[in-house]
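Single-structure report; data block below.
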Amino acid sequence: MVNPTVFFDITADGEPLGRVCFELFADKVPKTAENFRALSTGEKGFGYKGSSFHRIIPGFMCQGGDFTRHNGTGGKSIYGEKFEDENFILKHTGPGILSMANAGPNTNGSQFFICTAKTEWLDGKHVVFGKVKEGMSIVEAMERFGSRNGKTSKKITISDCGQL
C-alpha cells in the first residue's frame, strides 16, 4: 500500500505563496490519515479548502484546520465532532512533521499543525500522522507571517487542496 499524498496551495492575503505536499502515514495511523485526506479533498461536503492558518509561531509550528469558526475553537472530523487518539507510534522529530491539534486526550477534530522545529514535548500527547514531502520552503515563508503569540500579520489561506 502506498501512503496517500495531499497538497495545499497557500496564499498570503490572496497572493500565492506556493504548494505544500504532505505524505500521510496511513500505514501507521490509518484513521487519522483518512480524516486529513478526506478533509483535503472535501469529498464529504466539508473540509480545508478556503480555511486559514489561524496560529503561526515562528520556530515552533503553523496551525490550521478550523474550517467552522476560523479561530481555533472549531472544526470537525469526518467521523463526527471528535475522535480518539489512534496511537503515538510516530514522534515529533523535526521540521515538517504533521500532527493533530487537540484540546486534551481523544479530542481530535480537523485542526492540525505543521512543525517547524523538533517538538518532542508533544510526543504522546498529539498524534503524528504525516510529513511535508515537498514545499518546506513554503512553510518557512508562512512562518514569517507569524508572531510569538501566534497572530498572523497576513491571512494565510489554503486556497485549494486535494489528493495527488
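Each residue, glycine too, has its Cβ placed from N, Cα and C.
In this structure, K28 (ubiquitin cross-link) belongs to neither helix nor strand by DSSP; it is coil. Around K28 (ubiquitin cross-link), taking its Cβ as the centre, 17 other Cβ atoms fall within 10 Å, counting all chains. Swiss-Prot lists K28 with the feature ubiquitin cross-link, giving similarity to another entry as the kind of evidence.
Look at Swiss-Prot and you will find K28 (among others) tagged as SUMO2 cross-link.
Secondary structure from DSSP puts K82 (SUMO2 cross-link) in coil. Its Cβ placed at the centre, K82 (SUMO2 cross-link) has 15 other Cβ atoms within 10 Å. Look at Swiss-Prot and you will find K82 (among others) tagged as SUMO2 cross-link.
Annotated domain 'PPIase cyclophilin-type' per Swiss-Prot: 7-163, in sequence order, evidence recorded as sequence analysis.
What Swiss-Prot lists as N-linked glycosylation site is N108, and the listing cites sequence analysis. The secondary structure of N108 (N-linked glycosylation site), as reduced to three states from DSSP, is extended strand. The C-beta environment of N108 (N-linked glycosylation site), restricted to residues of the same chain at least 6 apart in sequence and closer than 8 Å, consists of T32, N35, S77, K82, F83, E84, D85, M100, N102, V127.
Of all the Cβ atoms in the protein chains shown, 6 others lie within 10 Å of the Cβ of M1 (N-acetylmethionine). Annotation comment: Swiss-Prot describes M1 as N-acetylmethionine, evidence class similarity to another entry.
Following the DSSP three-state reduction, the secondary structure of V2 (N-acetylvaline) is coil. Taking Cβ-Cβ distances under 8 Å and a sequence separation of 6 or more, V2 (N-acetylvaline) has no neighbours in its chain. Summarising the annotation, Swiss-Prot assigns N-acetylvaline to V2 and lists experimental evidence as the type of evidence.
Residues or ranges marked as N6-acetyllysine in Swiss-Prot: K28 (among others).
In the three-state DSSP scheme, K44 (N6-acetyllysine) is classed as coil. Every protein chain considered, the tally of other Cβ atoms within 10 Å of the Cβ of K44 (N6-acetyllysine) stands at 12. According to Swiss-Prot, the N6-acetyllysine annotation covers K44 (among others).
Positions annotated as N6-acetyllysine by Swiss-Prot: K76 (among others). The 10 Å shell around the Cβ of K76 (N6-acetyllysine) contains 20 further Cβ atoms across the protein chains shown. K76 (N6-acetyllysine) carries neither a helix nor a strand DSSP state and counts as coil.
For S77, the entry in Swiss-Prot reads phosphoserine, with the evidence type similarity to another entry. Cβ neighbours within 10 Å of S77 (phosphoserine), excluding its own Cβ and spanning all shown chains: 21.
Residues or ranges marked as N6-acetyllysine in Swiss-Prot (evidence: similarity to another entry): K82 (among others).
Under the heading phosphothreonine, Swiss-Prot lists T93, citing similarity to another entry as support. Taking Cβ-Cβ distances under 8 Å and a sequence gap of 6 or more within the same chain, the neighbours of T93 (phosphothreonine) are K118, E120.
When secondary structure is read from DSSP and collapsed to three states, K125 (N6-acetyllysine) falls in the coil class. The C-beta environment of K125 (N6-acetyllysine), restricted to residues of the same chain at least 6 apart in sequence and closer than 8 Å, consists of F88, N102. Annotation comment: Swiss-Prot describes K125 (among others) as N6-acetyllysine, evidence class similarity to another entry.
Residues or ranges marked as N6-acetyllysine by Swiss-Prot: K131 (among others). With a cut-off of 8 Å between CB atoms and residues at least 6 apart in sequence, the same chain places F22, E23, F25, G96, I97, L98 near K131 (N6-acetyllysine), listed in sequence order.
The annotation N6-acetyllysine is assigned in Swiss-Prot to K133 (among others). For K133 (N6-acetyllysine), the Cβ neighbour count at a 10 Å cut-off comes to 18, with all displayed protein chains included.
The modified residues shown are M1, K44, K76, K133; of these, the one with its CA atom nearest the CA of K28 (ubiquitin cross-link) is M1. Taking the Cα of K133 (N6-acetyllysine) as the reference point, the closest of the modified residues M1, K44, K76 is M1. For the recorded site, K131 (N6-acetyllysine), the DSSP three-state label reads strand. Between the CA atoms of K76 (N6-acetyllysine) and M1 (N-acetylmethionine) there is a gap of 27 Å, rounded to the nearest whole number.
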